[in-house]
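Grabbed the feature section from TrEMBL, which reads as follows:
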{"type": "BINDING", "residues": "HIS153, HIS316, HIS320", "note": "Zn(2+) binding site"}
{"type": "TRANSMEM", "residues": "101-121", "note": "transmembrane segment"}
{"type": "TRANSMEM", "residues": "133-156", "note": "transmembrane segment"}
{"type": "TRANSMEM", "residues": "168-189", "note": "transmembrane segment"}
{"type": "TRANSMEM", "residues": "201-222", "note": "transmembrane segment"}
{"type": "TRANSMEM", "residues": "318-336", "note": "transmembrane segment"}
{"type": "TRANSMEM", "residues": "356-378", "note": "transmembrane segment"}
Amino acid sequence: MHCCQSPETIQPATTVPPSIRPSLMATIVMERIGHLFINLQQVRAVPQMLTEVAPSMPGTLRDTEVPGFFRERYIHAGYRPLHQGWRYYFLSLFQRHNETINVWTHLLGSLLVLVKFLQLAETVDFIHDAHAWPLLILLLSSLAYMACSTVAHLLAAKSEFYHYCFFFLDYVGVAQYQYGSAVAHFYYAVEPDYHRWVSSVFMPTATFLCCLSCLGCCYGKYRNHSLRVWVRKVGQVVPSAMAYAWDTSPVFHRLLLWPTSHSDDITAAASGIVGDPAISFHGGQVAFFLSSAFFFTNPLPERLFPGHCDFLGQGHQLFHIFLVICTLCQIQASHLDYLGRRPLYTQLHGEGGAAATIYLVQYGATQVVCVCIAVFMARKVKRLLDCRDKSK
């Protein structure tokens, strides 16, 4: 059946006279500009909204107004007051103070690692493929150290006791990352010659150095103001440097051998063909880690501009940024090695993945040991503070 509309129901097409079209376009543009202006106004209102949520949030303090254990060299202002409610410290995530950038660098970094984790989980079978477990350990340990660092920088201003406790937690996260790096490098990045030299001692030594690093950092923090700065730094930096040198030694060995043992790859790369795509990411992770270590051990640029880097421009902030980039390069390199070097690492570590299972169990055991170290040191701090309070 064919239906037709009656002539009176057919609406003529609406036409806009040429003289009106410019004014109509101008009206549409002005409306869109108006909507954009409203949206910008809403964004600018966010700080005011946060202030209304927490109208009693106190301002920040000068270094002379906070206890000595709380002060950082060359940082003169931006310190949060002690003994506030937990709500204040959580909401200080959106406040301008001298820890804001430290919090956000590792908070955003952990989100980047999480996104990478979810992307890899779409193609990598982290449950049934035991050879993927070292990569899983690296991802989990990377998330752990960034999350622990975020919590420490956000909440450590609560009190002297919590200041120590949260940074002990931070050191537990760092130790776990050291272990995760060791597993990924030894499993995926190692060359056969180096594997033969260290196969029986590499992971036991890495596990010991991981725990030693945690202990050294915790004890250095515990003796923060009873030891000279350089002595405390040595106690914290030397064990961590030893752990890094050992954990990354398979990568160093591979990078040193690559120009001679992969001369064909170099020729191919010059022609635009990539022979070993992971090698550039391994080089990047080493470069970015060494850069981060420089800013961790040297308070620059704040030493050159005391009082001018209280919010932005601290060396510790640069340390965070370089370390996040290092971690992302490391994850990418390990993933490429997981994909491209499977015949090699199954030959070195076994087809069934028994070694990976052992490393996964060791990861859990190492976590327990490091947590016990942190709890032990927190109890020592508690006893010290109690004795000091009683003597007043």
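Residue numbers in this text run from 1 along the chain shown.
Note: Cβ is positioned from N, Cα and C throughout, glycine not excepted.
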Return the residues near HIS320 (Zn(2+) binding site) by Cβ distance under 8 Å, restricted to its own chain and a separation of at least 6 in sequence.
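Correct list: ILE101, ASN102, THR105, HIS106, GLY109, SER149, SER292.
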Measuring CB to CB from HIS316 (Zn(2+) binding site), give everything in the same chain under 8 Å that is also at least six residues away in sequence.
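In sequence order, ASN102, PHE295, PHE296, PRO299 meet the Cβ cut-off.
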Determine which residues of the chain contact the transmembrane segment (318-336) at the Cβ level, with the cut-off under 8 Å and only residues 6 or more beyond its ends counted.
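Residues 101-102, 105-106, 108-109, 112-113, 116, 120, 124, 134-135, 138-139, 142, 146, 149, 177, 181, 184-185, 188-189, 277-278, 281-282, 284-285, 288-289, 291-293, 295-296.
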With Cβ-Cβ distances below 8 Å as the criterion, list the same-chain residues six or more beyond the ends of the transmembrane segment (101-121) that contact it, or say none.
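Distant Cβ neighbours of the transmembrane segment (101-121) are 93, 135, 139, 142-143, 146-147, 149-150, 153-154, 311-312, 314, 316-317, 320-321, 323-324, 327-328, 331, 335.
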Counting only residues 6 or more past its boundaries, what in the same chain has a CB within less than 8 Å of a CB in the transmembrane segment (356-378)?
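Counting only partners 6 or more residues beyond its ends, the transmembrane segment (356-378) has Cβ contacts under 8 Å with 130-131, 133-134, 136-137, 140-141, 161, 164-165, 168-169, 171-172, 175-176, 179-180, 183, 187, 203, 207, 210-211, 214-215, 218-219, 221-222, 349.
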Give the number of CB atoms, excluding that of HIS153 (Zn(2+) binding site) itself, located within 10 Å of its CB.
24
Starting from the Cβ centroid of HIS153, HIS316, HIS320, which together make up the recorded Zn(2+) site, report each further residue of the same chain whose Cβ lies within 8 Å of that point, ordered by sequence.
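Sorted by sequence, the hits are GLU99, ILE101, ASN102, VAL103, THR105, HIS106, SER149, GLN314, GLN317, PHE319.
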